[in-house]
Amino acid sequence: MSARVVARRLGRKLLPRFAPAATLHSHATSFGFKEVNEEEKSKLVGNVFTKVATNYDIMNDFMSGGLHRLWKERMVSKLSPFPGMKHLDVAGGTGDVAFRILETINSVNRRAAEDILEDDLQEETQIYVCDINPNMLDVGKKRAQQRGLGDMGSLVWVEGDAENLTFKDGSMDGYTIAFGIRNVTHIEKVLAEAYRVLKKGGRFLCLELSHVDTPVFKQLYDYYSFSVIPVLGELVAGDRDSYQYLVESVRRFPPQEVFASMIADAGFQKVEYENLVGGVVAIHSGLKI
């Protein structure tokens, strides 16, 4: 995979400060490039994912040339899943990340000591897939059945809001969110909730489309984003508008350094990020210590 790593350990004192709240959270009342009130944004985003649910993963393959699979695998490798863990995958309705986590744990199970039953380890493992959109969750449940995972107690499907989780304080060993946090109304609330539900020593990981710095590459990326992706959306999914929103929402999402500072402000330590494909996507991470 073509990747440029710019992982940085960001001590809180070294992080850039952006005093004006409007500058830091200007995306909070936006739907793509449109300014909307918060209630309207929630409804509009919900409508987008209701429309794209059945074609979501297919479109990810088309838009990224299949690279999204490698990006998700990279994030899961940073998580280092282990048998018996309690993990929360937010905005993960189609199950793409959760399945990878469970497959990694099962591969560990197969290497476990012979006197430990694999079924016992699987029963202890709990991967919670939380999504605010029931249509996305329905797609994930169907995919789980197709993979033979539908009856496993290890996968738990939860309809819930990333800004107001129903899980107990300090209940999770890990938290992941892939291509979801830019769609929320209040990023800072999502980060606060992630910190709250994690145990001490728990890891936060966020995979998100991000910002390209290299001028020539940025021009190509912008052309692809605004001229190709909406057309693909129309041809493949019959929905140009939703994918026009997607590319606009990426441009409204905070740059890598700013988002890293938000993660640190939520209380996380050892905050770092890794740029992939020149910053087209970034994997952010932090620990609750």
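Every residue gets a Cβ built from N, Cα and C, even glycine.
According to TrEMBL, the protein carries these features:
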- Thr94, Asp131, Asp161, Ala162: S-adenosyl-L-methionine binding site (BINDING)
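Structure with TrEMBL features highlighted.
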{"residue": "Thr94", "record": "S-adenosyl-L-methionine binding site", "Cβ within 10 Å": "25"}
{"residue": "Asp131", "record": "S-adenosyl-L-methionine binding site", "Cβ within 10 Å": "27"}
{"residue": "Asp161", "record": "S-adenosyl-L-methionine binding site", "Cβ within 10 Å": "17"}
{"residue": "Ala162", "record": "S-adenosyl-L-methionine binding site", "Cβ within 10 Å": "24"}
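When the Cα positions of Thr94, Asp131, Asp161, Ala162 are compared pair by pair, the longest gap among these S-adenosyl-L-methionine-binding residues is 16 Å.
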